[in-house]
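Before any comments, here is the structure.
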């Protein structure tokens, strides 16, 4: 199951290239290549991360042959460190000296090529004993660091290239479409590539080889993004020159006040907190529903094979949602689209519980919930970009990297907590392995598993809708006003 704005198009938005951007010329509007192909890097990113999602634990137990306690230790350490570091990537982007091709764009070409080499060692057992465990943990942590920095830079470029809410939503929607396509294609291509490479390098090395290939695909896609974004951001030299000029102007006016720091960008932005917490409720739905799906189809529907059908249908609906999200945001705004989507998810999930004894009805209704969830995913980067605009309007400090990087935190918290949430749902249902292995399933168990699959996620996303309504009041009109003011300042 997949984890889950709007006005006029100006003539400038055809995006003609006005010159060599690295020489100082800038583009006007979003180019055709960005509208159509921004997201190819995220297509590769989906392939790359799905190898970990579907095969990492299997590799550790069946190929590397670690004991279950060791496997638990490896995955726990790696996921906790990954979550703990999730806030720092945006800080790195916003505080390090800008490189040659720009503060954010440069990272799309500098680091991604390291990922294939680091990531491959996450799926290769080198030596034995403690050394083998340490190497895999280090490879897991460093590969995630190496891909998270360009990941944040990639979504930060949405704000750099966009001048209007329509532009931001166009890029967010294109990216979401490619992400969803990546998930659909992976379901067919991923296992096949593992099998082919097993015949070439052997089963023990096949997962490492596949990780290398798919990480290289991600790096190539990010390089394509690097080329597409040419001309949409100041070069490093231009930014340094501008900052020096602004400091000189403040000094000449006798203004010696300290520049606004990144911390102030957070403390003066209550909308960011509301958006982040609302995002977390979506990931609670995503992880709980996806984790319990196999239990529902095994012990309630009594047809485990329906799990694959459910995943395929929900993934295809996710592609459709990514495509339609742009039109929805144009009509309602990105904020309102997310609110309506959360409410729709709550309704269809409750209906799913009412029909929990009819598997095909549940497949349809929960897949519809995934449709709306993917629509919120498509709107997410645009909403975080709105927070970045508000922050710069309030403080005068561009903290795009920091704020876009914070969009990672709800996802990372979800990854760490999913095991706890799923275990809690099963415990409430009265799940007992010895009993179900004998083919005994009580009405209480079936009802409890169905609640974990539908009602609990419904409560989470309904709460998300309430938080968005009262905690995120950045309307389209306000963002247009703030953007116009920032353009005047520049």
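Just so you know, glycine gets a Cβ as well, placed from its N, Cα and C.
The compositional bias 'Basic and acidic residues' annotation in TrEMBL covers 14-25.
The region 'Disordered' annotation in TrEMBL covers 8-27.
Within the chain carrying the transmembrane segment (37-56), a Cβ under 8 angstroms from the stretch's Cβ atoms is held by residues 75, 108, 115, 119, 122-123, 147, 151, 154, 171, 174-179, 181-183, 185-186, 189-190, 194, 207, 210-211, 214-215, 217-225, 228, all 6 or more beyond its ends. What TrEMBL lists as transmembrane segment is 37-56 (among others).
Annotation comment: TrEMBL describes 68-92 (among others) as transmembrane segment.
Here TrEMBL flags 104-124 (among others) as transmembrane segment. Same-chain residues lying 6+ beyond the ends of the transmembrane segment (104-124) with a Cβ under 8 Å from its Cβ atoms: 41, 48, 51-52, 55-56, 59, 63, 93, 98, 135-136, 139-140, 142-143, 146-147, 149-150, 153-154, 156-157, 160, 205, 207-213, 215-216, 218-219, 222-223, 225-226, 229-230, 232-233, 236, 400-401.
Taken from TrEMBL, the feature transmembrane segment applies to 130-155 (among others).
For 176-201 (among others), the entry in TrEMBL reads transmembrane segment.
Annotation source TrEMBL lists transmembrane segment at 207-224 (among others).
Sequence-remote contacts of a segment are chain residues at least 6 beyond its ends whose Cβ falls under 8 Å from one of its Cβ atoms, and for the transmembrane segment (283-300) they are 1-4, 306-307, 310-311, 345, 349, 356-357, 359, 362, 366, 369, 373, 410-411, 413-415, 417-418, 421-422, 425-426, 431, 436, 441, 445-446, 449-450, 452-454, 456-458, 460-461. The transmembrane segment annotation in TrEMBL covers 283-300 (among others).
Positions annotated as transmembrane segment by TrEMBL: 306-325 (among others). For the transmembrane segment (306-325), the residues of the chain that approach it from at least six positions outside its boundaries are 1-2, 4, 169, 172-173, 176-177, 179-181, 183-184, 187, 293-294, 297-298, 337, 359, 363-364, 366-368, 370-375, 377-379, judged by C-beta separation under 8 angstroms.
With a threshold of 8 Å between CB atoms, the same-chain residues lying at least 6 positions outside the transmembrane segment (337-356) that come near it are 278, 281-282, 285, 300, 325, 328-329, 362, 365-366, 368-369, 372-373, 375-376, 379-380, 383, 446-447, 450-451, 453-455, 457-459, 461-462, 464-465, 468-469. Among the features that TrEMBL reports, transmembrane segment is placed at 337-356 (among others).
For 362-390 (among others), the entry in TrEMBL reads transmembrane segment.
A Cβ distance under 8 Å defines the sequence-distant neighbours of the transmembrane segment (411-431), meaning residues of its chain 6+ beyond its ends; these are 3, 79-80, 82-83, 86, 279-280, 283-284, 286-288, 291-292, 295, 442, 444-445, 447-449, 451-452, 456. Under the heading transmembrane segment, TrEMBL lists 411-431 (among others).
Summarising the annotation, TrEMBL assigns transmembrane segment to 451-472 (among others). Only residues 6 or more beyond the boundaries of the transmembrane segment (451-472), in the same chain, are considered here, and those with a CB under 8 A from a CB of the stretch are 270-271, 273-275, 277-282, 284-285, 288-289, 292-293, 295-296, 335, 338-339, 342-343, 345-346, 349-350, 352-353, 356, 362, 365-366, 369, 373, 383, 422, 425-426, 428-429.
Here the transmembrane segment (207-224) does not touch the transmembrane segment (362-390). Their Cβ atoms form fewer than 3 pairs under 8 Å, with each pair 6 or more residues apart. The list of residues near the transmembrane segment (176-201) in space but at least 6 beyond its ends in sequence, with Cβ under 8 angstroms from a Cβ of it, reads 2, 37-40, 42-47, 50-51, 54-55, 207, 209-210, 213-214, 311-312, 315-316, 318-319, 321-323, 325, 374, 377-378.
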